[in-house]
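What follows is one structure encoded as structure tokens, with my remarks underneath.
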Amino acid sequence: MSDLILDVRGLSGGYDTTQIFSDISLQIAEGESIGIFGPNGHGKTTFLKTLSGLIDPWSGDIFFCGQRMNREGERGSRKMRNFNYGAVTRRRIDPKAVARAGLIHVQQGNLLFPELTVDETLSIASTAARGRKGWTLAEVRELFPRLGERGSHKIRFLSGGERQMVSMAAGLMAAPKLLILDEPTLGLSPKVRQELCDAILSVRRLGLPVVLIDQDVAFLEQIIDTLYLFDHGRFSGRMGKEEMPDHQTLMDMLFGEAH
Amino acid sequence: MDTAILIDIVKSGLVLGALYALMATGLSLVWTTLGIFNFAHGAFIALGAYLAWQFSSADAWGLPMVPAILLSCAVMFAIGALLHFLLVKPFERRQDIVLISVITTLAGAVILENGLQLIWGARSKQIPPLAEGAVEFGALSLRNSELILMGLVLAILLCVGLFLRYSRPGRSMRAVAQNQDAAALLGLNVPLYFSMVFGIAALTAGLAGVFVGTIRFMSPSMGSEPLMKALIVVIFGGVARFSSPIYAALIIGQIEAFSVYFVGLYWAPAVLFFTMIVVLLIKPEGLFGKYQRTL
Amino acid sequence: MRYDPPLHKTQGLLPLILAAVALLVYPLVFEATYFRHVMILAFIFAIVATNWDLSLGYAGLFNFGHVALFAVGIYTYAILAKTLGVSPWLAILAGGGTAAIVALLIALPVLRLDGIYVILVTIALSQLIYLVVISWSDVTGGTSGMVTLPTLKIGDYRLSKDGRIGYYYIGLGLLALNIAFLYLLTRSRLGRAIMALRDNKYYAIARGVSEARTRALTLTASAVFTGIAGAFYGAYLRVASPDAFGMGFLTLVLSMLLVGGTGTIWGPLIGAFAISFLSEWLAGFGPWQNIIVALAIILVVVFYPGGLWAALQQLREVADGLRSQTLARIGRRRGKSAREALTGARERMLKTRYGQIAVADTGPTTGAGKPALLFLHGNSACKEAFYKQFRSFADRYRVIAFDLPGHGVSDNADPETTYNVDAYTRIAEEVLADCGVTRVHVFGWSLGGYVALELAARGTVEVTSLAICGTPPLAVVPDDMGRAYVPTAHMVLTAKQYFSREEARSYGQHATAPLSEESAFLHRAVRRTDGRARAYMMTKLSITDWPRQMRMLAEGRIPTAILDGSDDPFLNHDYVAGLKYGNLWKGAPQDIQDGKHAPFFNRTDAFDLTYFSFLRFAENDHMAGDAPA
């Protein structure tokens with residue numbers, strides 16, 4: 001058990017009454033990086049939001065570094081459809097506790113705090129580290145030299161790539177033990193994309209394990225040890241780095257040739 | 001027009017503006033942070049006045065003014081946080097929070113106002129003025145109480161502004177206001193900051209109530225007119241940043257002072273609302289606003 | 001897809017008639033003037049609240065100037081009838097007119113605003129009107145308002161006579177007119193545009209709905225009866241006071257709306273009566289009255305945001321669940337022998353983790369040693385739908401069928417966990433395991449077809465052949481459903497929780513056969529089905545692994561036949577034919593001529609022949625496949 005950094009057992013969840021994913025199990029060993037590949041709209045992001053505590057899980061357990069992150073048991077039945085269960089039930093998972101334990105989730109297309117400056121944002125991120133050692137401002141600026149120049153700019157005025165960099169930098173300063181990156185290169189120009197990919201690679205080389213969601217198989221191959229296929233709210237396949245086929249083959253595996 | 005009259009109008013506009021700024025600050029804080037409009041704000045103003053009266057009046061506990069005000073600030077902060085817990089938090093994740101919070105804060109206001117009536121009765125009360133006497137600057141005559149009011153309001157707003165801008169909790173509060181999810185993912189305690197914002201809003205409203213209580217007679221529904229004024233200020237100025245309602249309050253104060261002089265006491269509020277609607281038609285996000293809520 | 005049955009074909013008719021009769025007869029039986037007074041006020045508030053719901057609930061437009069429209073009605077009446085001496089009846093109508101004009105003025109600045117801004121601007125506007133009324137004291141009487149307004153008379157008869165009975169009936173009549181108006185409006189083109197804008201603004205605009213025009217029309221329409229109600233209020237109480245603009249009044253009406261429930265006509269109606277009576281009942285308690293009403297509002301909104309209307313729906317759901325469960329219990333005991341005679345199979349109750357499931361199985365009688373054949377029935381049907389197949393196939397096969405939970409004589413079950421394809425498949429596995437069957441031919445019809453596909457895809461039981469009927473396989477849900485099915489009103493019924501008699505007949509007719517002596521039991525099965533099974537199935541689509549079914553079909557491990565009715569009214573036959581199959585019998589769907597949605601029932605002989613030859617094919621194929629290995 002102790003050599004698992006993240007141990008997800010039979011996790012089910014979704015929004016309010018709509019179930020999005022069911023019975024997901026995922027074990028990540030200490031130091032292992034994994035990739036998740038799958039079509040859009042099938043619940044990857046919802047699953048990750050549940051992992052990081054933004055959404056309550058319905059059932060199942062999440063252990064991070066051997067520590068339980070969710071309250072034990074299943075979500076109570078919601079038979080009375082119009083009753084506001086939110087008013088009487090406690091949250092089943094606390095995002096701040098998850099973050100403070102070191103599971104840091106860098107969201108997809110994260111806008112962060114539009115009216116805060118880059119430096120203010122980064123200083124907030126270091127608060128979250130709570131005494132554990134995260135990256136320092138200097139280290140982060142070395143990784144993303146642009147952020148040093150943009151320190152006093154509001155995030156609102158940054159480009160998409162720069163925002164993603166701030167997001168990642170904030171994640172790193174929050175002292176992650178495992179970093180979840182949800183489509184970090186979505187919608188970026190090839191040049192900025194390359195810059196980010198390089199940064200992720202160097203983070204990876206420094207020994208920080210990541211959970212990377214991306215649609216680019218070639219990029220995934222560079223970063224991860226294991227690839228999980230995700231569709232229709234469950235993992236439909238798992239393969240080691242060596243066995244990874246190309247993008248088209250993966251899509252065929254997921255959908256058959258009809259699509 | 002006589003210069004002396006002009007100076008007098010501007011002066012009373014300034015006093016009004018300062019008061020309105022204090023009233024509007026809490027309202028816009030809550031709006032920008034939680035995205036809801038707190039209709040209990042007027043009741044907070046009344047409650048602050050009654051608490052200050054209770055602590056300071058010779059008929060009640062008779063504390064000296066400063067500790068009395070500090071005590072009522074503390075109580076107001078607690079009540080604000082409590083009301084957030086009871087009236088807003090139960091549906092913080094629901095889509096229709098804007099509408100639901102309107103009715104719960106309205107109902108909260110009804111409870112507070114009727115509670116005031118039950119506890120302190122309908123008989124009018126007044127808080128003694130903060131200071132007696134007046135000072136003369138050439139043509140300008142200022143009562144000491146007005147000076148103190150303006151100075152205190154300036155100090156309070158400066159404190160709140162600096163707190164938000166430079167302190168760590170203030171910065172986190174702004175982060176929470178702008179993106180709850182991202183803030184939570186960085187380990188910030190979102191519900192705590194929400195409660196704090198509500199508490200600070202109640203505290204500033206309570207202070208505004210103290211000032212109103214020194215100027216006018218107090219009644220349980222004394223908050224409804226200030227609530228409307230705060231509403232005008234917030235819409236007029238927009239809520240783009242902490243300072244925009246303050247500028248708006250100063251402008252509104254002047255408009256009111258001038259319109260009282262020119263069209264009379266009765267029509268002055270109508271002029272205010274009319275100006276506000278004109279501003280809205282031209283610039284719906286308010287004079288200083290961007291069409292987006294942030295802190 | 002549009003599904004708007006006329007009122008007399010819905011289930012709302014009976015309660016509506018009952019309520020109307022009760023309200024009509026009430027003042028003739030009880031003569032207490034005070035209660036009539038509260039009722040008259042409740043009528044007026046109900047008009048204001050239901051109209052407010054048109055803008056707030058239906059349009060999602062938070063018009064907080066709505067109560068000001070009511071006040072405008074009052075003042076219109078006061079000025080016209082008292083100051084200008086116009087006939088009171090005309091003044092009441094004029095109240096609606098001026099309110100509509102004012103609403104149009106309110107609409108102008110909010111045409112392009114959103115959310116909370118609309119609230120603030122409309123509050124500000126209503127305050128402006130209020131301030132004008134207060135300041136313009138020559139005409140409006142200022143803060144003291146206007147008193148001794150003219151009362152209503154018919155000829156020389158004053159309506160306030162005989163315990164205000166005249167006002168009672170006029171108020172009731174206005175309320176009825178108002179509800180008819182709103183009912184028709186919400187079902188009109190405009191009404192659908194209003195809701196489309198609320199639910200998906202940009203999509204609606206892209207489809208050509210004008211946002212500004214619709215908003216202006218909504219606000220104006222919501223003002224007409226509000227203004228009339230205001231004028232009537234003025235005529236009834238004979239005072240016009242600026243209090244009508246105040247926050248207290250606004251809170252009262254808003255609480256009726258939210259306590260009753262937004263987004264329907266009936267919610268605010270119930271809320272208006274509930275709050276009127278609650279606050280009258282508490283009238284003697286001074287400040288406590290307001291505190292208790294406010295607390296009640298908070299409690300309802302915090303714990304039960306759908307309001308009283310949603311609570312009624314909840315009660316109805318519980319009652320309907322009890323009704324259908326009782327039908328199942330009775331049927332289980334009384335009809336067993338008849339059902340066994342029909343199918344020729346033994347029926348037994350199997351305890352599963354999803355409740356008791358009724359299984360018909362020829363195993364104990366004639367089925368021993370024969371290959372097993374499982375029939376899976378569709379939505380709102382029962383296992384006896386296959387009784388003809390029981391007769392034709394029993395001599396060669398061990399025929400098994402069971403009632404899905406919530407159907408036939410099986411138990412109702414927890415809707416959250418049970419009413420979905422996944423759970424149905426697990427039940428099928430439990431049933432087969434209980435029968436001791438590990439290899440089975442499966443036939444699935446409609447919803448049962450998806451269960452059959454899932455059963456084959458899961459692979460825990462060896463499915464030796466697979467036949468589906470009325471079931472277009474899906475890969476991406478719900479996107480594919482639009483292509484797989486023909487959009488008809490029937491699609492709405494498929495997921496509709498409660499059926500009126502009319503709807504049950506229509507559903508039964510289209511899904512199986514027109515009502516006749518032979519098909520009567522299928523029509524009864526529709527009535528017995530737990531409505532939640534229909535409603536929940538659609539919300540649980542996403543937990544089924546649809547692409548796995550598609551992959552299974554494409555791989556072609558299992559010989560598959562598609563036996564649709566050639567004139568199935570719901571299927572897109574081209575879609576079904578165009579999918580990729582690895583092992584489809586005869587390479588194409590084999591449609592049964594004139595079979596409709598249930599060819600095995602309507603064209604039994606043709607179906608049985610086709611299916612039988614498929615089973616023969618599958619068995620030979622299987623043997624052929626086995627031999628070389």
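For all residues, glycine too, the Cβ spot is worked out from N, Cα and C.
The annotation transmembrane segment is assigned in TrEMBL to B:12-30, B:36-53, B:65-85, B:97-116, B:147-166, B:192-218, B:230-252, B:258-282.
Sequence-distant neighbours of the transmembrane segment (B:97-116) (same chain, 6+ residues past either end, Cβ-Cβ under 8 Å): 34-40, 42-44, 46-47, 50, 83, 86-88, 91, 220-221, 223. Proximity of distant same-chain residues to the transmembrane segment (B:12-30), defined by a Cβ-Cβ separation under 8 Å and at least 6 residues beyond the stretch ends, is recorded for 36-38, 41, 44-45, 146, 149-150, 153-154, 156-157, 160, 197-198, 200-205, 207-208, 211-212, 226-227, 229-231, 233-234, 237, 239, 242, 244-246, 248-258, 295. Within its own chain, the transmembrane segment (B:36-53) is flanked in space by residues 23, 26-27, 30, 60, 68-69, 71-72, 75-76, 79-80, 83, 87-88, 97-98, 101-102, 105-106, 108-109, 112-113, 116, 119-120, 125-127, 198, 201-202, 205-210, 212-213, 218-228, 230, which lie at least six positions past its ends and keep a Cβ under 8 Å from the stretch. Within the chain, the transmembrane segment (B:147-166) has long-range Cβ neighbours (under 8 A, six or more residues past its boundaries) at 14-15, 18-19, 21-22, 25, 130-131, 135, 173-174, 200, 204, 207, 211, 242-243, 246, 295.
A Cβ distance under 8 Å defines the sequence-distant neighbours of the transmembrane segment (B:258-282), meaning residues of its chain 6+ beyond its ends; these are 5, 9, 13, 228-229, 232, 235-236, 252.
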